[in-house]
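Now, the feature entries from TrEMBL:
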| type | residues | note |
| --- | --- | --- |
| DOMAIN | B:8-189 | domain 'UmuC' |
| BINDING | B:Asp12, B:Asp108 | Mg(2+) binding site |
| SITE | B:Tyr17 | site 'Substrate discrimination' |
| ACT_SITE | B:Glu109 | active site |
Amino acid sequence: MKILIEREPLMASIQNVMKAISSKTTIPILSGIKFEANEQEVKLTGSNSDITIESVISREEDGIVNIHEIIPGQIVVQAKFLPEIIRKLPDNQIEIQVDDDMNINIRSGHAEFKLNGQDPEEYPQLPVLQTENSFDIQIDLLKMLIRQTNFAVSTSETRPILTGVHIKLDNNELGLVATDSHRLASRKITIDQVENLSFNNVVIPGKSLSELNKILEDTQDTLQISVTDNQILFRTKHLYFLSRLLDGNYPETSRLIPDQSKTVMKVNSKDLIQSIDRASLLAKDNRNNIVKLVTQGQQNIQITSHSPEIGQVEELLQTISIEGEEIKISFNAKYMIDALRAIDSEQVLINFTGAMRPFVIRPEEESEQILQLVTPVRTY
Amino acid sequence: MKRKGRIIYHVDMNSFYASVEMAYRPELKGKPVAIAGNPEERRGIVVTSSYEARAKGVKTTMPLWQAYDHYPELIVLKPNFDRYREASRSMFSILSKFTPIVQPVSIDEGYMDVTDYVGNRNPVELAKSIQKRILDELDLPSSIGIAPNKFLAKMASNMKKPLGITVLRKREIKDKLWNLPIGEMYGVGQKTEEKLRKIDIETIGNLAQKDVLTLKNLLGINGERLHQRANGIDDRPVDPDAVNEFKSIGNSTTLPYDMTDQTEINKVFMQLSEKVAARMDRKGVVSENIQIMIRYHDRKTITRSKQLTQFVETTNEIVTIAKQLFQQHWNEEPIRLLGVTAQHLTPKDEMAKQLDLFNYEKDAEKEELYLAVDKIKEKYGKDAFIKPKDHQAELNTSFQKDFLNEYKEK
């Protein structure tokens, strides 16, 4: 195998597949990147037990030449040093040559690295996804969906199923839900041309989605999503991102969302974020990062927090309106800020149903199909 | 069979640090000795002093130079805390041989509840034998107050020093207690003393006879408490757990025979968890780390613990984790002893509970009740609610165990 390739596309590809490579892998060959070259392109693969990423570099694209020379072949290269080597090579063109004994020769300008390769035959065969369950989605939209839900997945393994984002497609509506059992993020969008397609109980590991989100660039290109029983594939022109799905039944979450409320507050979300952020400066020290919100009349809320050793903070915030009963409620400041940031709307509506019941945050414009649920903290 | 009243001892070591030094260096006995930080520099202050030094006017917290002024030949020693801790442990170890219900209050004093252990003996004779044993074995003098409650016992031990034994009966408080100046009352600090003197309370007797309402207005909840104490009323139990305040609460039991039967073992875990949960409830704490102990037939002992993400407090929560740990770590050999310990304890009033989306209803159901409780607490103070308890039943549980282990293990 031999390729003469431009540094930039190679570097980008390596960085993409590196997202799937774990330094702690139990299968030694998976600590490497697989290179496959054919006449038209070079494909790089990185994998761990949860995700597999393939990144394709075309010989030429949109009139720009990426690869100047290809002699087809395959090799697995140790991933640990590769990104640094490629980054620091002196010239913008890089030649990678592999001999029959799997010795790798990387040359650029006057620099030459000789690396030991591994047998590509030993690299696990990747499953070929056979499915009719495919639909297209715009990349920037997908990234937004991930950003608005994925933060709420659980980081604790006590209920493994909650470490993933639940997705559901039904009646042209795609719904994502994530919850760590303390807060819940839900987002729905309408998707065209999927009349015959529906699935439920597809749970993607949160880690997979955050890696995917890092790799995907914010463009309006489309991406294809294919779902099977135990895997999900995200495919763009140059990228294959395959993730395992989580086993088990995702809990029914729709019943968790209160359908009535006793107090409705409309507030400028930036003001609220800033105020809670300030209060949480002291709250970070206490266990649950607790901030207390108390309504005062029909206009104002008081945000307070205290830490026994440090001190306390108090702030009065004017809302747009408060309707219904008075409320005194404590919650984790981080959950509230995460939720408000995810909604990303100028004004939000917060519906409370009591100090010990979850409250719902929605954007003021009801058309937006996003909802955040936060469970309060009970103070003794 | 229930006794009429309790018999509480307050054991107070006499000028403890100085006495420990004298026990180490008998040549110092009978001499004026003071313990002070930085004896060389003359800038230190007197931490404690022997009775001989006190007789010459040396007082605790007095700067050294001033102490030397009073008595130039004063022997000043650097504190040797390891020595004092060691002596303290030995002292409490002796006390715990008489009754498991010992509550250390500080390094050199503690309460004992001997109600159920005094038997047919005369309480004064029993106190004498305790005092004698501490003196014989450790060469340390102590004073013991004997009374029906902690407050009176504390006041009594202070009445005769060194090597005193004082009985203070409730009917004697008019003669023995009420004539003392108010500042000498345990629980009355400088600030409180000033306030009380302003309303012409000069003696403990004045306080006892003052109407509660005035005192409550002046000192809040504490006013009522002091009024009761001055009248010889104090129902605080002697609490051995106070020593390991908020460290851990554990129970263990040696099995009647070596067990391998899972059902039997689960039963034992249930009983142990019940005890731990009851003790946690009594202390008003919750835990976020549960540990189990398994001792096998060959005395090989392992402990395994699990760090939790949520606080636990109920029997069910504790037993579930204990059984889980057991499943993971039992090597299926016969077991001689099992233990369950709740660690990383947090007092409830300092904690908050992040409610869970899937089961918040449990807490939410009681919201109205909590609101009402909060209102009452705001109005009447935190102690407005006390769970009713059977004192006798408490004594039967092994809640003193871990405290005692600390001394027994030595």
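Each Cβ is built from the backbone N, Cα and C atoms, and glycine gets one as well.
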Report summary line: Whole-Å Cα distance, B:Asp108 (Mg(2+) binding site) to B:Tyr17 (site 'Substrate discrimination'), is 9
**Report entry** Local Cβ density at B:Glu109 (active site) - other Cβ atoms counted within 10 Å
**Finding:** 19
Report summary line: Neighbouring CB atoms within 10 angstroms of the CB of B:Tyr17 (site 'Substrate discrimination'), all protein chains considered, total 25
Report summary line: Three-class DSSP assignment, B:Asp108 (Mg(2+) binding site), comes back as coil
Query raised in the report: Quick one: Cα separation, B:Asp12 (Mg(2+) binding site) versus the residue listed as 'active site', in Å?
Result: 5
Report summary line: B:Tyr17 (site 'Substrate discrimination') sits from B:Glu109 (active site) (Cα to Cα, rounded, in Å) at a distance of 12
**Report entry** For B:Asp12 (Mg(2+) binding site), the three-state class that DSSP assigns
**Finding:** strand
Query raised in the report: Can you count the other CB atoms that lie within 10 A of the CB of B:Asp12 (Mg(2+) binding site)?
Result: 23
Report summary line: DSSP output for B:Tyr17 (site 'Substrate discrimination') maps to helix
